Structure formats: structure tokens, C-alpha cells
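What TrEMBL records for this protein:
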type: DOMAIN; residues: 17-229; note: domain 'Yip1'
type: TRANSMEM; residues: 12-29; note: transmembrane segment
type: TRANSMEM; residues: 35-62; note: transmembrane segment
type: TRANSMEM; residues: 106-124; note: transmembrane segment
type: TRANSMEM; residues: 136-156; note: transmembrane segment
type: TRANSMEM; residues: 184-206; note: transmembrane segment
type: TRANSMEM; residues: 213-236; note: transmembrane segment
Amino acid sequence: MEQEERGPVPLWRALGGVLANPTATFAAFPAKQPWFVPLLLFGVIGAVGGWVIASATADVVLTRIEELSGPAGNPMGDPSAVASFAGTVMMVTATASGFFGPFLDVLMTAVVTWIVAAVARAVLPFAQLFSLAAYAYLPHVFGTVLLAVLVASGLFDPLAMRGVFPTSLAVVVPGEPGSFLAGLFGRVELFTLWSTVLLGIGLGAAARRGARWGIGVAVAGWLLMAVVSAGLGSLVPNPGTLPPAPGGVPGSGVPQ
């Protein structure tokens, strides 16, 4: 009842408070703290970051596509036309993924965490938990900006690292590409853990259970998602391990 009587915390005060004093900030949130504007902001930043990263890696990717499409006898004819079309698709996909990524990530996190919290006998309104997850997503935005800066400046090559984030455990302990452990290590990442802790603090405040309980629930939800994602990822064949197609490029299945 007390949470429903509170007014919403203003956007910039809420975002700043999540960084400076998350315990007090989440405790001040009403049951229906607005989430759309912060997620829209995160989506715009993600779209710009996706565009920057795609632009920085486009030359290498498109050159490779042009090399493969030439001898492949593709029906589109001119390999440069294929590369141009692929470049457009690549930029649009990267930008769209960057924009919608925060919405989907927050939705998935909220669903899994809501289930884990229910198992722990703390039933929270889903809308309230979704709002907490939206504000707890903030560290991921810093990660997106950092990655875009590193890639654009040439300090990090996402293609050579097979999409591994520079602040993940997989950089230190890479594991075999495509394996379960490699996927799991890739999800043990600095900004993800920071976001998980923030979500836990918010959960504890919303459920009146304390930060330690909330962080435990949030970590359990994150671990569940990490294990499932790594398991599903390990079922997909690593492109470098595919058998060569007849007369094709070894390890890729691309016909020459």
C-alpha cells in the first residue's frame, strides 16, 4: 500500500541514484515506477553502439563475403552486389538488434527472476519486477558504450574474439570454441554481474527481504539463464568445425 501511494522517482534522479545509492533509490520506487522512457533511452544508445560496431567491422566481413560469393556461382551475379546487399542487411540488423536488445533482455530477466522469486515464496507484481529489471539494466549501457569505443578505436576485434565481450571471463579462460564452458565463461561478465547485483538490491527493497536475499534470487536467475544459454549454444555446431562441402571451403560448408 505504501509503495502504491508514492509518486514516481524522476528519470535522471532514478538513474543517478541507481549508481550512487541503489538501496535508497530502489526503496523509494513506487510499485509502478515508469520504465518505458529509460528503456527507450537504452535502446537508442544500443542502436548507435550496434551501428558503430557494424561500421567498424563491415570492411572485413564484406570482403570475406565477396571472396566467397565470387567462386560460389551465386545467382545474384556480381560479387560486389552481393557484398553491398549483405552490408545493408548487416547495418540494419546490428542497429535493430541494438535498439530492441534492452527490451528483450529486460523481459527475459524479469520473467526468469519472477519465477525464481516465486519459488522463494516472494510473489511480486510482474510489472514492478519488470521496472526494477529495466533500471538495473543500466550497467549494460556502459558496457555497450565501452565496446563501441574499443572496436571503433581498433583496440578490440570482436571478429577475432568470436563475439566474446572484452570484460568477460572468456577473455581470460577462453575454453574450446562452441563448448558449454566457453559459452558459460562468456556470460560471466563484469557489467552483467553489476546489473545482477543492482537487480538483487531492488528485489530486496521491493519484497522487504533485505539486499542479501534479493541478490541471491537475482544471481540464481542469472545463473539459470547462463546455464541454459550456454547449453543451447553448445548444441549449435561451431562454423570452424563443419566438414568441407564438396569442392568448397574447408570448415565452412561454402561451395567454391
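In case you wondered, yes, glycine gets a Cβ from its N, Cα and C as well.
Keep in mind that TrEMBL annotations are predicted by a computer and have not been checked by a curator.
On a predicted model such as this, the values are computed, not experimentally measured, just so you know.
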What residues in the same chain, six or more past the boundaries of the transmembrane segment (184-206), come closer than 8 Å to it by Cβ-Cβ distance? 3, 18, 22-23, 26-27, 29, 109, 113, 117, 122, 124, 128-129, 132-133, 135-140, 142-143, 163-165, 167-170, 173-175, 212-219, 221-222, 225-227, 229-230
Take a look at 12-29, 35-62, 136-156, 213-236 and tell me which one has the most Cβ pairs under 8 Å to the transmembrane segment (106-124). 213-236
Given the transmembrane segment (35-62), which of the listed stretches 12-29, 136-156, 213-236 has the most Cβ pairs that are under 8 Å apart from it? 136-156
Report, as numbers and ranges, which residues of the same chain sit near the transmembrane segment (136-156): CB under 8 Å and 6 or more residues beyond its ends. 15, 18-19, 38-39, 42, 45-46, 48-49, 52-53, 55-57, 98, 102, 105-106, 109, 165-167, 189-192, 194-196, 198-199, 202
Give, as a single whole number between 0 and 100, the mean pLDDT over the domain 'Yip1' (17-229). 89
